[in-house]
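*Asks:* Before anything else, here's the structure in question.
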């Protein structure tokens, strides 16, 4: 919005922002834009600073205009259902829009991310390279160690420990930008259930298929969010905004994360024997649990069959 980069927004710049971003169906009259600017300009200096701009965006009086910023992002991540109707009727493309809400604030993934960041910083400040070799106090206490399976909390708490900045950055980015929009529609408890299930499935699968490996990082939970979202993309392909683009983005993120894990284990000469089977297990768990617990506003008989199949397969895998 700040075209000239001076840190302030004039009336003309506000008008350009509204027109370029398509915030309204029809261009607002200059008098209306001027009035909006005057209301937001609390110190009456003729321009909006950062705080005044944020106040304008969050002003409930203008929510029908600026709320579209949030709507556009949620529509990109969350499918929009198109319902059938009589010929000539306008299809309801806002059904999912009506279901998402920011109140109360969706803090599930934010809280998890903050905890993971705090754990990482504690280890980072403990000693040099402690986060690279998982030698910090938080890593030693919470990492999944096959020699300490009796400390059952490690099957879950390894998600709070990350190896290297790239691993942490990728995981936090994905879980924030996928997890929060999912929380807005499906509820925080459904998203966290998928996330935690992916983490636990990752450690359980690793304990069987790669029993000498340690585990660190939330990749199992992150992959569960990705595949849960991919399930919604596939089931609502025609209703999604740019579904192919989303799939490509998620595949790239997945490739970076898996590549980083393989590199850390086989090429970086790290002392820790870190496994990556948890990525695959988390992805499978996320797909199956996502089908079972995420909200489906229009259920067909085929989707009912898929629901039961996913629930049974997941139960059998977890039991094994």
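Heads up, the Cβ atoms here are built off N, Cα and C, so glycines get one too.
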*Asks:* With TrEMBL as the source, which of 125-145, 188-208 is set down as transmembrane segment?
*Replies:* 188-208
*Asks:* Looking at 95-114, 275-294, which one is transmembrane segment according to TrEMBL?
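*Replies:* The listed stretch tagged transmembrane segment in TrEMBL is 275-294.
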*Asks:* Can you tell me which parts of the same chain pack against the transmembrane segment (188-208), counting only residues 6+ beyond its ends and a CB-CB cutoff under 8 A?
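*Replies:* Apart from its flanks, the transmembrane segment (188-208) reaches 106-109, 112, 144, 146, 149, 154-156, 158-159, 175, 179, 182, 215, 218-225, 228, 275, 277-286, 289-290, 293-295, 317-318, 320.
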